[in-house]
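Asker: Per Swiss-Prot, the features are:
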type: BINDING; residues: 20, 94, 95, 148, 265; note: sn-glycerol 3-phosphate binding site
type: BINDING; residues: 20, 24, 287, 332, 433, 437; note: ADP binding site
type: BINDING; residues: 20, 21, 22, 287, 332, 433; note: ATP binding site
type: BINDING; residues: 94, 95, 148, 265, 266; note: glycerol binding site
type: BINDING; residues: 252; note: beta-D-fructose 1,6-bisphosphate binding site
type: BINDING; residues: 501; note: Zn(2+) binding site
type: TRANSMEM; residues: 532-552; note: transmembrane segment
C-alpha cells in the first residue's frame, strides 16, 4: 500500500505561547494565517507563602518540549510535512523572573511570577529614594515602582538566595524573563545557547530605557543590578539562533529551524490583532487582563494610572512602536480560584453555566484584588472582597459577580485610556482564552456600553509571535504589508442594557473597590507578628467582651 501523500500547504510557522497558566505550541499557515494544529499543557503555580507566586523553570521548559513534540505528532497524523516549518516565534508571560547557572544550565531558584507580592517592602524602601520632583524611574521606563516588574524581583533574589549571590560573584549567573530562559535553552543551553531578549520584554524589567532602547546604567545602579547578568536586547523580529536537539525532545525534526520572533504576550496579541495603526487597541483576557493602545512612534505618558511601554519593533532596522497599557492582575485567575480554592466549579467552563442560571449578581460585588490592585490604582494594600451578600446569595450569583468583576476592571482602564488619548474608543477588540465565554463578552459590552468585537480565531497572541517570526529578515515567509494581511472574521456583541443601568452598576462597583483598599501594609500581621493583639481594636473587643461576660455571670449569680 502506498504511503499517504503529504499535504502541500506552503511555508508554516510555529509559535511557543508560554503563559502563566499554560504552555502551547501552535503551527500556522503563513499565507492564510490558518491555525493547523496545536497542543497545550497546564502549568502549576506554587504559593510557598502568603502573597508569593512561583513556578518551576524546568517544568516550563519541559512543557515547551512536550507541546512541540505532540503538535508535530498531530501534524504527522494530518499528513502535513513538518519540514515546512520555516521559523518559530516565542510569546511569553512578561516580568516573571528567572536566574540560572550558565555552566550547569540549572535554575538557581524558582521563577518569581509577575503576580508575586514579596517585594512590597523593597518597593516602599526604594520609593523613599526617588525625589518627588524627579521620578527618573518612571520617566525612563514608563512604569511605576511596583512589585509587578522584574527589577525588584531580581533584587530580592540577589538579597535572599545564596546560590544566586555565589553565581553572580563567580560570573556564572544569567538573568532573564521567560523568553530569555526559553530561547537560551532551545538554542543549545550550556552548549552555546543565545542569551537575549526583545525590546518588549526588556521594557517590563524597570531596567530598560524605553527612549534609548538600552539597559540603563543609572537604573541598574539604583536597583543594585550587575549589568553583566542581563541578556542582549534585540528587536522583536530577527533570527536569534537555531533550534538544537535536546535530550528532552524525542523528535529532532525542528533542529536547525530559526527562532526569529519574540514578543511579550500582550505585545504579541497587539500584533496578532493587527493593531498597527496609531489609536488601535485590544484587550486580552487571560490570567490577568491587559488593554493596549498603539500610540505609534511617540511615548505617551499617562496622567491616569496607565503604563507606557514598548509595543513592538519588527526588525533590527525598523522603527519602534509604543503603547499605553492598562494592566489588571486578576481576570482568568479568579475563575481558577473559584475552581481550586472554593471548589464551586469543577472546570473553568462551568462558570458560564452557573452565571447563565441567574443572569445577575443580585447586588453581590466581587473585587478580586488577590495581588493588590494594578491600573489605574497601583494599590498594593488592597485585598479581595465579596460584598453585598444576603441570605438569597448562592454560588451562581458569586460566579456572575466574578465575571462582572473582570468587566468592571476593564471599564476602569478603558476610561483612563480614553482620558489619556482624548478620543474614546468606538469599539473594543478582544482576545484571549476567556473570550470563549459568551456571557462574559455580553457583560463586557453592557458595562462598557460600546460594541465588543472578537476574532473567530482567538489565538491572536500566538499568531502575533508567528507573524513576527515569519516576517524576520532571512526568513521572509510572512508579509506584514497591509494589503497582504488576511482578513479576519469577527463576532460582535452589542450593548443590551440602557446606559443609565450600566452607570449604576459601575458606580456601585467603584464603592466596593474603595472598601478593598488599605487592608494590608508591610507592618501588618500577614508579614509580621501573628498575634491577634497586633490588631488593637480586635484585641480590645475580645478583652472587653470577656469582662462583660464575667460581670454578667456575677450579677446573675451564676457560679
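Cβ atoms here come from the backbone N, Cα and C positions, even for glycine.
Relative to the rest of the structure, where do these features sit?
Answerer: Following the DSSP three-state reduction, the secondary structure of residue 95 (sn-glycerol 3-phosphate binding site) is coil. Around the Cβ of residue 95 (sn-glycerol 3-phosphate binding site), 26 further Cβ atoms fall within 10 Å across all displayed protein chains.
Under DSSP, residue 433 (ADP binding site) is assigned to a helix (H, G or I) in the three-state scheme. In this view, residue 433 (ADP binding site) is surrounded by 21 other Cβ atoms within 10 Å of its Cβ, with every protein chain counted.
According to DSSP, residue 20 (sn-glycerol 3-phosphate binding site) sits in a coil region rather than a helix or strand. Long-range Cβ contacts of residue 20 (sn-glycerol 3-phosphate binding site) within its own chain (separation 6+, distance under 8 Å): 43, 45, 93, 96, 113, 114, 115, 286, 287, 288, 333.
For residue 148 (sn-glycerol 3-phosphate binding site), applying a Cβ distance below 8 Å and a minimum sequence separation of six or more within one chain yields 95, 114, 327, 329, 374.
Sequence-distant neighbours of residue 501 (Zn(2+) binding site) (same chain, 6+ residues apart, CB-CB distance under 8 A): none. Under the DSSP three-state reduction, residue 501 (Zn(2+) binding site) is assigned to helix.
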Asker: Between any two of 20, 24, 287, 332, 433, 437, the residues recorded as binding ADP, what is the biggest Cα to Cα distance in Å?
Answerer: 20
Asker: Which of the binding-site residues listed here (94, 265, 266, 437) have a Cα atom within 10 Å of the Cα of residue 21 (ATP binding site)?
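Answerer: Within 10 Å Cα-Cα: none.
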Asker: How many Å separate the Cα atoms of residue 24 (ADP binding site) and residue 265 (sn-glycerol 3-phosphate binding site)?
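Answerer: Distance between the two Cα atoms comes out at 12 Å.
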Asker: I need the most crowded of these binding-site residues: 24, 265, 266, 287. Count other C-beta atoms within 10 angstroms of each C-beta and give me the top one.
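Answerer: Of the binding-site residues 24, 265, 266, 287, the highest Cβ count within 10 Å belongs to 265.
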Asker: Between C-alpha atoms, which of these binding-site residues comes nearest to residue 94 (sn-glycerol 3-phosphate binding site): 22, 266, 332, 433, 437?
Answerer: 266
